[in-house]
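Feature annotations, reproduced from TrEMBL:
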BINDING   Asn71, Arg72, His172, Thr173, Tyr174, Asp239  beta-D-galactose binding site
ACT_SITE  His172  active site, proton donor
ACT_SITE  Glu305  active site, proton acceptor
Amino acid sequence: MADHTLKPEVFELNNGSMQVKITNYGAIITSLSVPDKHGNWADVVLGFDSVEPYVKGAAPFFGCIVGRVANRIKDGKFSLDGVEYTLPINKPPNSLHGGFKGFDKVVWEVAEYKKGENPSITFKYRSRDGEEGYPGDVSVMATYTLTSSTTMRLDMEAVPENKPTPISLAQHTYWNLAGHHSGNILDHSIQIWGSHITPVDQNTVPTGEIMPVKGTPFDFTTEKKIGASINEVPGLGYDHNYVLDCGEEKSGLKHAAKLKEPSTSRVLNLWTNAPGMQFYTGNYVNGVVGKGGAVYGKHSGVCLETQGFPNAINQPNFPSVVFSVE
């Protein structure tokens, strides 16, 4: 008989020019080390030295895959096929990132683990009907692969088994290309291939409007420093969904963002087939003690969460996140 007591473990993907550590708890990237222009290695993602702090809930979604539905659902309510669903309000007054125990807080099964020059790991999780208030069973798969010396690819697939359900998965890594312990990311520059955002109300839920970024502090259509106009953004910083509408496409993926760190010359290019990307500047990170005793404060990392639009389930003019049984 199969042993169903899955336990959190850490796995390494290493191709000689990138070293990535990933745990099957939440499919979390716990570290990602790459060299800078001088060949000095640094770990460029926020996180912890062991699995325990993640399991104890110390992380504000560091490195994980969030689901069943990423981002906020207004008032934790939606209706589908005439049925009203109520979700846990884990970020009052809304439901955030799948609820109290989303995909980031479960142990995934390791379906496959391959070493070699294109190492990969595949995680599987079966989300049950009614879990965190969502309808129907869903089988989820996530595969991380080092596809070249400088490229990591994440393929995510979720299949509803018996009921239509909203599904929107996102990868929630906090990046700091100078090294996870190097302070804030306000000197990083970024270009985002989104000429619109979905503006939000006072509870960070989109109003339904689609607003051009031109002439606003949200305009990153040409490269600019993250800190350049962050003080003009209402609230604590950026925490907004960009409509990815102007990036070039290659092999079915759109160029979403290019993040650069001046002192090390490290550059991260992000490509996706998702319609949106949450640009989040770590506004709520507040004295979290991470790897090697590093203390992560506000703006210590930046998240580029490719996703379906937030609260799309309640916004008919947003691209649908509802999937039905095939």
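Including glycine, each Cβ sits where the backbone N, Cα and C put it.
Please treat TrEMBL annotations as automatic predictions, because they have not gone through curation.
Local packing around the Cβ, expressed as the count of other Cβ atoms within 10 angstroms, is greatest for Glu305 among the recorded positions Asp239, Glu305. Around the Cβ of Asn71 (beta-D-galactose binding site), a 10 Å sphere holds 29 further Cβ atoms from the protein chains shown. The local packing around His172 (beta-D-galactose binding site), expressed as other Cβ atoms within 10 Å of its Cβ over all shown chains, amounts to 24. Of all the binding-site residues listed (Arg72, Thr173, Tyr174), Arg72 has the fewest other CB atoms within 10 A of its CB. Farthest C-alpha pair in the beta-D-galactose-binding residues Asn71, Arg72, His172, Thr173, Tyr174, Asp239: 18 Å apart.
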